[in-house]
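Annotation source TrEMBL lists domain 'FAD-binding FR-type' at 215-313. The feature transmembrane segment is assigned by TrEMBL to 12-29, 41-60, 81-102, 114-135, 156-180, 186-205.
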Amino acid sequence: MREPRFSLMRVFLPLLGILSPLFPLYAYFRGNFYNVLEPFSLAMIFGITAYIYFLNVLIISTRKKFLDRYFGHDRVMQFHGYMATAAFVFAVIHRQLKIAVFPVVNLQTRLGNAAFIIFLTLIAVTVIIMVPGLIHRFAPFAKLRNFITRKLGLDYSILKFFHNFLVLAVLLLSFHVFLASSTQESWGRIILMALWSLTALVFWLDHKLFRPFRLKRMNSRVENINLLEGDIRELYIRPPQNFTFTPGQFVFVGFPGSKAGNDEHPYTISSAPGDSILRISAKNLGNFSNSLRFLQENDPALIDGPYGRFYPPRDRDEELIFIAGGIGITPLLSILRDMAESKPSREQKIVLFWAVRSPEDLCYREEIVEAGKKINSMNPGMFHFVPVVQTRGSQIPEAEEGFLTQEIIRNHCEARDMKIPHARVYFCGPPAMRRYLFPKLHQLGIQRKHIHFEMFSLG
């Protein structure tokens, strides 16, 4: 009975978020539905919807774990982005209708305009700089993003801090709504809109102020630091008591009071669930990862998590294709280690493709080979590892050279009698690699619903 309920919640929760403006709209238009198509009423409809959506965006941004359990953190953030975009579009329409119908400038409209400018800036920063997407296929936007993140050093950590201005915009927007004449006509409307705003602000305050305090009391510390080839730094952290995770999940890690600074960043756990110490593998990809060189043993650590749904079901005998690009190998390391320490399915076949630039980047090759031997000792021929090295002349016998292609995937999977269209793919790598490979996977007959991927974040 658990699966149907689970599926129902995956439908119910997004619908609740999308349809939530209906509650205040009913409170505003009850008994006056006959004039909803008037320009002033339309301005109200778009404005109320934008207000509720922006509050929902603030609530979603506070990493509520029940949402992660149903959807996975990256999907929640995607929905967060879609709702923020919809809210902004509705705000634009509301603003233009109000200017056309009621062109008065007062404190209430100034508050709304200030909130609008902040939201516009945040969306521009997110779309152009923070989140790689379709817009970066155009050379000017790609060059602008590279200039800002690499030349100016405004990477994930700094831009995430900039995103905190969302709460200021919400406060300004809330007072804009409270001062509206249509809101002040009824105490019921004032209370409803104030309660929604208060709920969002309480969630945000809990996330920003009380959550770090709770995490500090868990006394996590850096136990060891290990430097690997490929500019990768391994952090071994003693987790909070009773901390559990599923292989493939990630945590948000911060080191308050240390020389590395007080920021936090998402990193996948590369250790196995049975290990007593968490292993985080970080490649130097930005300011935060670069600051990790200042870490010292016994520095305090904040561990928030685990998050994510990037793991294959344990109760299915499905053939699996694992694809990693660079440091994207980390969630698959945890999955393989877990498989090596448990009894794998006798019917399962697994092929791992790990694409890197140079042989030096294969810093976990021996660990993967060792895990593969353990898996195959329990089930001969179950696991096959294919390193793909971009540099020619790698001198690694089992490696393919060049880029990972459709032909390489097909040849290795068919050589092991895998039914490629029925396989499930687990991918973690850079966005450019994902954009290139996913159409190739579809050409191999793999359905979109059978391709699972972890968003590749800046380190």
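Glycine residues also receive a Cβ, built from the backbone N, Cα and C atoms like all the rest.
TrEMBL: automatically predicted annotations, no manual curation.
Spatially, the transmembrane segment (156-180) is not adjacent to the transmembrane segment (12-29); fewer than three Cβ-Cβ distances between them are under 8 Å for residues at least 6 apart in sequence. Relative to the transmembrane segment (12-29), the listed stretch 41-60 leads the set 41-60, 81-102, 186-205 in CB pairs under 8 A.
Tertiary neighbourhood of the transmembrane segment (81-102): same-chain residues 17-18, 39-40, 42-44, 46-47, 49-50, 53-54, 56-57, 60, 109, 112-113, 116, 119-120, 123, 126, 131, selected by CB-CB distance under 8 Å and a gap of 6+ residues from either end. Across the domain 'FAD-binding FR-type' (215-313), the model assigns an average pLDDT of 85.
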